[in-house]
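For reference, the structure is listed below as structure tokens.
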Amino acid sequence: LPTEDDMGNSEVGHNALGAGRIFAQGAKLVDSALETGKLYEGEGFKYIKESFPTNTLHLIGLLSDGGVHSRLDQLLLLVKGASERGAKRIRVHILTDGRDVLDGSSVGFAETLENYLAQLREKGVDAQIASGGGRMYVTMDRYENDWGVVKRGWDAQVLGEAPHKFKNAVEAIKTLRQEPNTSDQYLPPFVIVDENGKPVGPIVDGDAVVTFNFRADRMVMIAKALEYADFDKFDRVRFPKIRYAGMLQYDGELKLPSKYLVEPPEIDRTSGEYLTYNGVRTFACSETVKFGHVTFFWNGNRSGYFNPQMEEYVEIPSDSGITFNVQPKMKAVEIAEKGRGAILSKKFEQVRVNLPNSDMVGHTSSIEATVVACKAADEAVKIIIDAIEQVGGIYVVTADHGNAEDMVKRNKKGQPLLDKNGNIQILTSHTLQPVPIAIGGPGLAPGVQFRKDVPNGGLANVAATVMNLHGFEAPADYETTLIEVVDN
């Protein structure tokens, strides 16, 4: 990640856990490509640029400075660079955040974008916001949990159809936020219309489209809808012939999208690959919302098995159509039971699971539900550790980033922030806290202890540690192991 002040996220975290090394990730790659101008020299930009003389450039993504999925400054630089390279008509389709940043901050982000687009209009570029909606309700679903979310985005962005119509985005956000149970995350879809009531920016044949998020997981589904001619997840009504590129390639195995502006990090020689080819049979399991993390991201942004005879991946369907605070226990016990079964079967030397509760429910702002979620995760951990005790195994318990351990917004002194009514403001984003790690179990060799000479160990140190626990030396270029054996 760019700096120590950037919040970790699940994708970067699982990349580090699985790869054993730190790779420049989405935000850093995009920053570099924009700063050097390399982005504009690549095949992806050249591809979309062919639409500039006669058609519209559409930009779809999260309007935020959270740095988890996207960044506003990168969007502004991309708009600037495209306008300087021939884009005469630009439409931005915004998705409001309120999850990785403060709820309500979308108004300020929209004002910043509107002001910049107004400056471009003064220079003769027809640049406007065309549509919008909240990230959890419009476009940004993941792992095929709810295609209805993507359809709402498609209807607004491509067809120019939405239940709410406004003359500008700031007015839209302010008005819609006043509706009951509405927040930045769950803002209903809207389109911007002209003085005649016509939408200003539907996507049509010949247009160029860029999804500008750098994080992959919540762009894959809209990328499929934009790129695949053979598509049956919802009725697209029409499928415009466009030039589409992602900010990055979101799925290396699917080659999706086929065109992209920034080359992805090349993550090779992951711990999963090493262990599989050295005879370590592996079982990985989570529910839908984190299944990709214990497989695709763990394996270096690679879909599928290294060796299907040596691996088994199990996905438990997540609840769909509800927010996770409604069912905060999620599928923790089901995941644990699958893990327990895999352990007791003695078919596998490594069993890897992700319990999503504290992250997914922590994002909802409900402290009461998050307490229930954490208790469910605790129960699940006990089920797994009891099985490990039975077979004489070893456990490693850690996390990919912080979230539920602090759900209060704080000032620089650590004091809680209050709203205008004197109530504590709830934090829905990840945190900058270090994550814990616990290693134990009856299979742990006598004398194994944490090293004292790795005071700043992080997620990338876990891979070498796990390889050591399996009886292997880690590759020399991996981040060092966290453990050592001390003779008693």
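Every residue gets a Cβ built from N, Cα and C, even glycine.
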> Besides His69, Arg99, Asp100, Arg135, Arg142, Arg215, Ala216, Asp217, Arg218, which of Lys38, Lys174, Lys259, Lys290 does Swiss-Prot list for that substrate site?
Replying inline: Lys290
>> Given the binding-site residues His69, Asp100, Arg142, tell me which ones have a C-alpha lying within 10 Å of the C-alpha of His363 (Mn(2+) 1 binding site).
In response: Asp100
> When you measure from the Cβ of Arg142 (substrate binding site), how many other Cβ atoms are you left with inside 10 Å?
Replying inline: 19
> If the Mn(2+) 2 site is taken as the center of the Cβ atoms of Ser10, Asp400, His401, which further residues of that chain fall within 8 Å of it by their Cβ?
Replying inline: Gly8, Asn9, Glu11, Val12, Gly13, His14, His293, Asp359, Ala399, His430
> To which of the binding-site residues His69, Arg218, His363, His401, His430 does the lowest count of other Cβ atoms within 10 Å belong?
Replying inline: His401
> What is the interatomic distance between the Cα atoms of Ala216 (substrate binding site) and Asp359 (Mn(2+) 1 binding site), given in whole Å?
Replying inline: 18
> Using Cα coordinates, what distance in whole Å links Ser10 (active site, phosphoserine intermediate) and Asp400 (Mn(2+) 2 binding site)?
Replying inline: 6
